[in-house]
Amino acid sequence: MGGERQHYYGKHGTPQKYDPTFKGPIYHRGCTDIICCVFLLLAIVGYVAVGIIAWTHGDPRKVIYPTDSRGEFCGQKGTKNANKPYLFYFNIVKCASPLVLLEFQCPTPQICVEKCPDRYLTYLNAHRSQDFEYYKQFCVPGFQTNKGVAEVLRDGDCPAVLIPSKPLARRCFPAIHAHKGVLMVGNETTYEDGHGSRKNITELVEGAKKANGVLEARQLAMRIFEDYTVSWYWIVIGLVIAMLLSLLFIVLLRFLAGVMVWVMVTMLILVLGYGIFHCYMEYMRLRGEAGSDISLVDLGFQTDLRVYLHLRQTWMAFMIILSILEAVIILLLIFLRKRILIAIALIKEASRAVGYVMCSLLYPLVTFFLLCLCIAYWASTAVFLSTSNEAVYKIFDDGTCQFAGKTCNPETFASSNESRLCPGAHCQFAFYGGESGYHRALLGLQIFNAFMFFWLANFVLALGQVTLAGAFASYYWALHKPDDLPAFPLFSAFGRALRYHTGSLAFGALILAIVQIIRVMLEYLDQRLKAAENKFAKFLMTCLKCCFWCLEKFIRFLNRNAYIMIAIYGTNFCTSARNAFFLLMRNIIRVAVLDKVTDFLFLLGKLLIVGSVGILAFFFFTHRIRIVQDTAPPLNYYWVPILTVIVGSYLIAHGFFSVYGMCVDTLFLCFCEDLERNDGSQERPYFMSPELRDILLKGSAEEGKRAEVEE
C-alpha cells in the first residue's frame, strides 16, 4: 500500500509538507503574471479608442427612430419631422416583396406623418371632395396640387388609397380584423385602385399579412416591450421579494443549517408536487373543450404563446417534465442521504465563516455593478458601431428598369438619365452602409468589442472569486477562531488581488474569453450553414460546439480552484492551477462526495426561491390573486413578466448562494491542504473546527474502507 500511495502521489504531484510558519494567506508576496497585466492595460486602452471612434461616427437614432425615403428621422426632436413620429407606407402590399429581405426596405415611398390614417379614402374620391386637406398630409412634402390625378399617381406624390391603420413600432400597418369570418380592413371589403376600378380588399389584406409577416419578429418584440412598460413596477416588486427571501434564507442558514437544508428539500418536493397537481387539473379541465386535442406539431409555432395553454398536450408535457424532475430529486436524496449529512457539516462551517465575514454577502453587489459597467460599455459601443454607417440610396422600380438596385443621389435623381429612361423609378433610402476602410473594418471592430466584453466580464468574476477566497481562507487558517481572524479580511483580500495578481486574473480570464469567442463564432457559422445540406459539415460543427462547451466548463472549474490557490499562496496562475488540480486529484473521492453534493443542495435552494416567487408571480399576473386593491395590468403575454421575475429571481438567488459556494470550495481546498500539512497532534494541530474534523474524517474513513473492500 505504501508503494501504491507513493506512486499515486507521484502521478498527481507532491503533497504539501508541514510548515510551522504557515498561518494562512501569505501577506508578503510579489506581483505575478506581469506580462498579462500589461496586455490587459493595452487592450483596455485600445477598447477605449474603439469606443471613441464608434461614438464619433455612430448615430443611435437610426435604431430608435424610423427613417423615411429621404433618410430623415421621424419624430426626432430638433428636426422638421419632430411632430411626425410615425412612418407611413404608400403601398404596404409592396412590403411583401422579396426585395425587403434583401435590402431591408420596402420598394414604396415612405413619409413621416403625425398620425396614421383612421379612415378609408381613395385619392380619386378625395380630390373631388372636402377630404382633400386631410388626404394631403399623407402626400410627399412639398406636394403641388396643380397636377392631374394620373400625374400624381404616376410620380408617386400621393398614395392611391388610404386605409385605416394602427401604429406599431412607430410604423403604420393596416388595422386587419375579422367580421363574420371575413378578413376586413376597417369597415370595407373592397377598394378602388388608382385607375378607379373596384377590387376585393382580400388582395390588400393578403399583401398586408405578408408584409406583417416580414416584420412579425419586430411586432412580437414591440408587444413584449409594451408588456414591460405596464408591468415593470410589479416586476421590480417580485425581484425585491426574491432578494428578501434569499437574504432570509442565508440568515436562517447561518443558525439552522441542518434544519434549513431538509426544509429546503421538503419544500422543493412540495412545490414540484403542486406543479404536477396544477398541470393535471388544467389537463382535466380542458377535456371536451373544442380544439384542446390539437397536437403541438399540428399547431406549429405561434407568436401568441397563450394559444398553447389551451391545449391538453401542453399541460401533459409540463406534467411529465415536472414528474421526471420530482422522481430524479427523490432518488438522489435516497442514495445520497449519508453524503448529504457530510455536506451539511461543510455548509454549517461555511455559515460560521460567512457569519464572521458578513460583508461578504454584499460583495456580489460590487460584482454586479462592475458587470453592469461592462455590459453597458459593450452594448453602447455595439450600437454606435452598428449605426456608424452612411445612408445609401438606391433606385426602386416596379417594372424591369435596368438601373433598379443601383445607388443614386436623391437630390439630382429627377434630372438624371436614369429617371428619364425609367419614368416609374424612385430614388429612395435603402439602408445604412459604406465603402470606406472604416466601414469595411466594422465587423472586426464588433468582434473585438465582443472579445473585450468577455475578457473584462471574466476578469470581474475572477476578482470576486479571489477576493472571497482570500477572506474565507483567512478564517480557515485562523487557529483560534475568531480571535486570530485578521481585521477586515474581505478588504485585505481585495487589495491583495488588485495589487499583486491583476496579471494572473487577466491570464485566467483571457483563456476563458478566447474559448467563449470561439464558441460565438461557431454559433455564427452554424446559423450560416443551416441552409446547407452537407451532413458532414453539420456533424463536424455539432462536435466542435460540444467540445468547446466541455472545454469552457473545465476551464471554469480549473480557474475557480486556481484563484483559491492564488488567494492563499500568491503564486502565478499556471503554478496555482497545477497545484489546485493535483490537490483535487489527490482527493478525488472527497471531491465527488462533498463538492457536487453541496452544489446540488445549493441548487435546490435556488429552485425553492425561484419556484416560490414564480408561483406567486403566476397567480398574480393571471389575475388569480390580488395584492391589496391593485391587480395585475392588462398584458399581451402574461408570461413575459413571469419569466422575467423567474430569471431575475434565479440571478438574485445565485448571487447570494455564490458567496456560500465560494466559501465551501475554499474551505474544502483548505481542508485538503490541512490534512496533508498536519496530523492533528499537539505539534501539528489541524486548523479545521472540531465539528468539521469529526464528520469529514469519519466520512473519509468510510470512503477509504469502502475503496479497500472494492479492491
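Cβ atoms here come from the backbone N, Cα and C positions, even for glycine.
Taken verbatim from TrEMBL:
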- 32-55: transmembrane segment (TRANSMEM)
- 232-253: transmembrane segment (TRANSMEM)
- 259-277: transmembrane segment (TRANSMEM)
- 315-335: transmembrane segment (TRANSMEM)
- 355-379: transmembrane segment (TRANSMEM)
- 450-478: transmembrane segment (TRANSMEM)
- 498-522: transmembrane segment (TRANSMEM)
- 562-581: transmembrane segment (TRANSMEM)
- 601-623: transmembrane segment (TRANSMEM)
- 635-657: transmembrane segment (TRANSMEM)
**Asked** Residues of the same chain, at least six outside the transmembrane segment (355-379), with any C-beta under 8 angstroms of its C-beta?
**Response** 51, 247, 250, 254, 449-450, 452-453, 456-457, 460-461, 463-464, 467-468, 471-472, 475, 481-482, 485, 489-490, 655-656, 658-659, 663
**Request:** Quickly jot the same-chain residues contacting the transmembrane segment (32-55) by Cβ under 8 Å, restricted to those at least six beyond its ends, or write none.
**Result:** 377, 380-381, 384-385, 388, 438, 445, 448-449, 452, 455-456, 459, 500-504, 506-507, 510, 566, 570-573
**Request:** Count the Cβ pairs between the transmembrane segment (601-623) and the transmembrane segment (450-478) that lie under 8 angstroms and are 6 or more residues apart in sequence, then report whether there are at least 3.
**Result:** no
**Selected stretch (most C-beta pairs under 8 A with the transmembrane segment (315-335)) from 232-253, 259-277, 498-522, 635-657** = 259-277
**Complete:** Across 232-253, 259-277, 498-522, the most C-beta pairs under 8 Å with the transmembrane segment (635-657) come from 232-253
